[in-house]
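**Student:** First, the structure itself, so that you have it in front of you.
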Amino acid sequence: MAEIEKDNASHHSIAPVKTPDTDATTAIDPAAERRLLWKCDLHVLPILMVLYLLAFCDRINIGNARIQGLEKDLHMKGNDYNIALFIFFIPYILCEVPSNLILKNVAPSTWLSAIMLGWGIITVCQGVTQSFGGLVACRFLLGVFEAGFVPGSTYLISMYYQRYELQKRISIFFSSSILAGAFSGLLAYAIANMAGLGGYNGWRWIFIIEGLATVVVAVVSKFLIADWPETAKFLDEEERALLTRRLAMDAGEANMNRLDKRAVKRAFSDVKIYLA
């Protein structure tokens, strides 16, 4: 997904800087390159990993809520629980491409934090829903808001690294889901002890507390998520020029097409995007 978006990039594609001092063919100082990579690793990856961890927790906490009495309280029968799980993935698949098309024209710190705020609010709403229909509606909207986070994050990461460096960073990013799976159950167990507080059962507090945590982090993340390289505040002009040169050298003769109707059609009709 990230590579497809990168090939079609217009506003945020990296072009060579044609100046005497920063020609793309000029040798790059290895020490300066290492410092740049270290700086990118510190400012780009960690916050996205935290957000992905919360996204994964908010997606799977319905399983913990089920253990604490979700089905009984909402009078769910038969395959109702499976339907609630399945409904999430319909918008999650369909909204990935539109979300990244929006991201191309909006600062990542604005868009990614906004969709996170959205799914945090929806997670809280799951904790106060009174019917199976309300739960299904919340799960559907959760899929809408979460759909753009993973493709948007991988696209953003790809704008800072060369191809041979990208695989390691993407792997580190996705490792957050492992951490989420490891401690989400323990966290839910602790929260479930709040059962009875405010007249809410434990499963409701799981959604409410984890949703509120997501909302708070979403607001803070607006100031922590790195934007596109040309506007990233953690880079000075010399580092920005070096980053541009590195990516221009990595791109070689690749053709960066404009985002037009044909590019949008190719993105929506590429079956590999939906299978991924």
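From the backbone N, Cα and C atoms, a Cβ is placed for every residue, glycine too.
Quick paste of what TrEMBL says about this protein:
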- 1-22: region 'Disordered' (REGION)
- 1-10: compositional bias 'Basic and acidic residues' (COMPBIAS)
- 44-62: transmembrane segment (TRANSMEM)
- 44-276: domain 'Major facilitator superfamily (MFS) profile' (DOMAIN)
- 82-103: transmembrane segment (TRANSMEM)
- 110-129: transmembrane segment (TRANSMEM)
- 141-160: transmembrane segment (TRANSMEM)
- 172-191: transmembrane segment (TRANSMEM)
- 203-225: transmembrane segment (TRANSMEM)
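Could you give the neighbours, burial and distances for every feature on this list?
**Tutor:** Among residues of the same chain six or more beyond the transmembrane segment (44-62), those with a C-beta under 8 A of the stretch's C-beta atoms are 70, 84-85, 88, 112, 116, 119-120, 123, 126, 139, 142, 146, 149-150, 153, 156-157, 160, 169, 172-177, 179-181, 184, 187-188, 206-207, 210-211, 213-214, 217-218, 221, 224-226.
Packing against the transmembrane segment (110-129) from elsewhere in the chain are residues 48, 51, 54-55, 58, 61-62, 65, 74, 99, 102-103, 135, 137-139, 141-142, 144-146, 148-149, 152-153, 156, 200, 203-208, 210-215, 217-219, 221-222, 225: each is 6 or more residues past its ends and has a CB under 8 Å from a CB in it.
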**Student:** Would you mind giving the whole-number mean pLDDT across the domain 'Major facilitator superfamily (MFS) profile' (44-276)?
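**Tutor:** Mean pLDDT for the domain 'Major facilitator superfamily (MFS) profile' (44-276): 90.
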